Amino acid sequence: MEVLSSSKLALTILSVLCLCQHTLSTISVSTHDARIKLHDTFLIEITVPAGDVKHNDETISLISQHNDIINPNMSEIVLLNINEDEIFPINIITSRAGHSDLYANASSNETDVSDVFVRFTVYKKDGLDTFSAVIGWIYFVAWSVSFYPQIYINWKRKSVVGLNFDFIALNVVGFSLYSLFNLGLYYIPEIRDEYAHRYPRGLNPVKVNDIVFAVHAFIATILTIIQCFIYEREDQRVSTTARGILGIFGVFILISIILSACNVIHWLDLLYYCSYVKLTITLIKYIPQAYMNYKRKSTIGWSIGNIFLDFTGGTLSMLQMMVDAYNYDDWVSIFGDPTKFGLGLFSVVFDIFFIVQHYILYRHSRYDVDLP
């Protein structure tokens, strides 16, 4: 009797699974991402597969997130006895530049429309898009190369006197956390899945060039630290204040790791916390070097080439954001969430201050080698 009951239970479960498989019909769309020039139209295709379920007067509603940006030429698809795969062409009409999602709702729970969504980007001019891409590559190269003038000066002088160790310590921690954030969000499946779960229609914000820049910056900073050990440094060391700040950051990250390991927070949250620490470091890391230059009344040992490259990168980064904001009518990305723009502006302001120190305030204190 026990064997018979178990067999009946297994058959029942199998029947339910088969029923679910046959009653849930998945509808798909031809693309999930599309770029359209303003006032142009764009064709998408929605595919309704044939199945055992007959769709009698079932309605699929197409909803625009921002109907002042994009609109489909039909707002509803009525399904009547779909016995074979059927494709519904939908023309998307643009009204103004910007970003908007198109998604679907079904009148029946038996129809899965979770895959029917498209992220639309409507732009004004092709040339501005190309210009933005060129700007992006220029500032990427400028920021990547900006580490080497300091490394070269250290090597040429066989000395790191004048280079503030607090700046280096904050920099290496900042770029290590930035590398951890990018590598984790790009490569670790569990974290990628959690990001997709939280933002089902969002794209992973980390690109390959983000990883290359972060890891390269970390390695370049490590190389500078090695120079601090092998070249003349006099009595320079990391200050008690900087050690205290880094200690606070370390405790914060350690607690976050423990909470992640205990499943109190997700590992994705840990990466976000790492990025917040990196942003904080970016805000404060230039202060020790600027103060040291002021105390010494000299910029000897501090590379102005690094500053010019950083200034170029920061200025072009802000220019790119402004060009994109105009081209995609997306000023909210700057004024609504000013973090990235504000950090770029903050760095540029410090670069200008360093230039003033080097060429005006302490212009009589020049490098002891023939370097810029």
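Backbone N, Cα and C atoms are what each Cβ position is placed from, and that goes for glycine too.
A TrEMBL annotation is a machine prediction, not a hand-curated record.
Annotation source TrEMBL lists signal peptide at 1-25.
As annotated by TrEMBL, transmembrane segment applies to 134-155 (among others).
The transmembrane segment annotation in TrEMBL covers 167-188 (among others).
Annotation comment: TrEMBL describes 211-232 (among others) as transmembrane segment. For the transmembrane segment (211-232), the residues of the chain that approach it from at least six positions outside its boundaries are 140, 143-144, 147-148, 150-151, 154-155, 157-161, 163, 165, 168, 171-172, 175-176, 178-179, 181-183, 186, judged by C-beta separation under 8 angstroms.
The feature transmembrane segment is assigned by TrEMBL to 244-264 (among others).
For 270-288 (among others), the entry in TrEMBL reads transmembrane segment.
What TrEMBL lists as transmembrane segment is 300-321 (among others).
Long-range contacts of the transmembrane segment (341-362) within its own chain (CB-CB distance under 8 A, at least 6 residues past either end) are made by residues 279, 282-283, 286, 289-290, 293-294, 297-299, 302, 304, 307-308, 310-311, 314-315, 317-318, 321, 334. Feature annotation from TrEMBL assigns transmembrane segment to 341-362 (among others).
The stretch from 134-155, 244-264, 270-288, 300-321 that makes the most Cβ contacts under 8 Å with the transmembrane segment (167-188) is 270-288.
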